[in-house]
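In what follows, a structure is listed as structure tokens, so that the remarks can point back to it.
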């Protein structure tokens, strides 16, 4: 999932469809083949269909809520449930994006190690941390970019490379099936010991609800968004089922976590590795962008609030006659100056309570962004050997609540007079989402 920046009321149905497809279908689909091993063939295909239906319902519920409660995902939560929900949604979005970036960082590391090994015919082995450092040298300067439009051309390049790579993976999987003449003997219909990992990975692959509101808002005719979304989800699900099924039926339990590693060793396949590396490097800063904005804003808000309290204490020492209520009011006014919307263009105006020049604020923001990138790289290093579990946990903790629980809760609160069946659907999504989130997360660690 990446950030979307499209002016309101400017996109036709075709452009909205392409934006949805670009957001839904990414390198995460390459984890599906290995995930099918965890779930089993029949179970995996069925869950993809169920998640597609429930995910589409969740997105449509969220769009309906926005018709009467304007704002972003987290702002709607603040309006309906208060500041606690605002920060819960921000936490879900932030953790998901950070998790995506850590997983894709490991993806690049693993691909890079494999490329070097294949080009050198196994004679050269480079430690994974070397490629982590190289990525850091690329991502740190990119994270300092403030304008999301600057990533547009790189995002398009990444999408083209990913699409080409999926075609190649599909070709080799089908070719292997034809060459062998039958599906792999290790195929099972259901894997009772590891199916929870599959559910998490499938949710990770499907997650894209955070970009639904910006895309719906960008359409010239918003009433057509529902049909555009349904078509996009049908195509996305068909792609997922085709890729996951052909890969699993072709290589069975021998499917690697990253299916590229199942492809034959030749120069053309090595080029595909390189294209995927370039695709992720090009889109990585865009994936981190929402988390960067969230972390930056919340950290500076805390700093501004702390400065306001310190200022108040100093002033109170020299102004004993200031009434306590007035002092508290001053504190709130100063602290609220730090709480300007994340979408404010003038970054210096967001934190007017801080006694910093625009230049100092700029470098403080850069320091926060630097720390965030380093945190993601460290997380990627620590989870390098459990990439499949990392993907599943991200799906369970971050993606499930965003896709099912919060949209249904919003809809339940925004439409209190809705019918019994509509309320039952909302509660069904809430309950099934919470159960799935806890179960998938716990079973992933157990497995």
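Placed from the backbone N, Cα and C atoms, the Cβ positions cover glycine too.
Since we're looking at a predicted model, the values are computed, not measured.
Taken from TrEMBL as is:
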| type | residues | note |
| --- | --- | --- |
| DOMAIN | 10-445 | domain 'Amino acid transporter transmembrane' |
| TRANSMEM | 16-37 | transmembrane segment |
| TRANSMEM | 43-63 | transmembrane segment |
| TRANSMEM | 84-107 | transmembrane segment |
| TRANSMEM | 119-140 | transmembrane segment |
| TRANSMEM | 152-174 | transmembrane segment |
| TRANSMEM | 194-216 | transmembrane segment |
| TRANSMEM | 228-251 | transmembrane segment |
| TRANSMEM | 271-291 | transmembrane segment |
| TRANSMEM | 367-384 | transmembrane segment |
| TRANSMEM | 390-412 | transmembrane segment |
| TRANSMEM | 424-446 | transmembrane segment |
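Put simply, of 16-37, 390-412, 424-446, the stretch with the most CB pairs closer than 8 A to the transmembrane segment (84-107) is 390-412. Remote same-chain partners of the transmembrane segment (271-291), defined as residues 6 or more beyond its termini with a Cβ less than 8 Å from a stretch Cβ, comprise 1-3, 26-27, 30, 93-94, 97-98, 100-101, 104-105, 107-108, 111-112, 114-115, 118, 135, 138-139, 142-143, 145, 148, 151, 154-155, 157-159, 161-162, 164-165, 168-169, 210, 260, 263, 372-373, 376. Sequence-distant neighbours of the transmembrane segment (43-63) (same chain, 6+ residues past either end, Cβ-Cβ under 8 Å): 32, 35-36, 73, 76, 189-191, 195, 198-199, 202-203, 206, 209, 212-213, 216, 225-226, 229-230, 233-234, 236-237, 240-241, 244-245, 248, 403-404, 407-408, 410-411, 425-426, 429, 432.
No contact links the transmembrane segment (424-446) to the transmembrane segment (228-251), because fewer than 3 Cβ pairs that are 6 or more residues apart lie under 8 A. Ranked by the number of CB pairs under 8 Å to the transmembrane segment (16-37), the listed stretches 152-174, 367-384, 390-412 are led by 152-174. Among the recorded stretches 152-174, 367-384, 390-412, the one sharing the largest number of Cβ pairs closer than 8 Å with the transmembrane segment (194-216) is 390-412. Segment contact holds for the transmembrane segment (228-251) and the transmembrane segment (152-174), given three or more CB pairs below 8 angstroms at sequence separation of 6 or more. Away from its own ends, the transmembrane segment (152-174) comes close to residues 2, 22, 25-27, 29-30, 33, 239, 242-243, 246-247, 249-251, 259-260, 262-264, 268-269, 272, 275-276, 278-280, 282-283, 285-286 of its chain (Cβ-Cβ under 8 Å, at least six residues beyond either end).
Here the transmembrane segment (119-140) has Cβ contacts under 8 Å with residues 105, 108-110, 112-113, 270, 281, 284-285, 288, 369-370, 373-374, 376-377, 380-381, 384 of the same chain, all six or more residues outside its ends. Counting only same-chain residues 6+ beyond the ends of the transmembrane segment (390-412), those with a CB under 8 A from a CB of the stretch are 28, 31, 54-55, 58-59, 61-62, 64-65, 69, 73, 76-77, 80-81, 85, 88-89, 92-93, 95-96, 99-100, 102-103, 106, 196-207, 209-210, 383, 418, 422-423, 425-430, 432-434, 436-441, 444-445.
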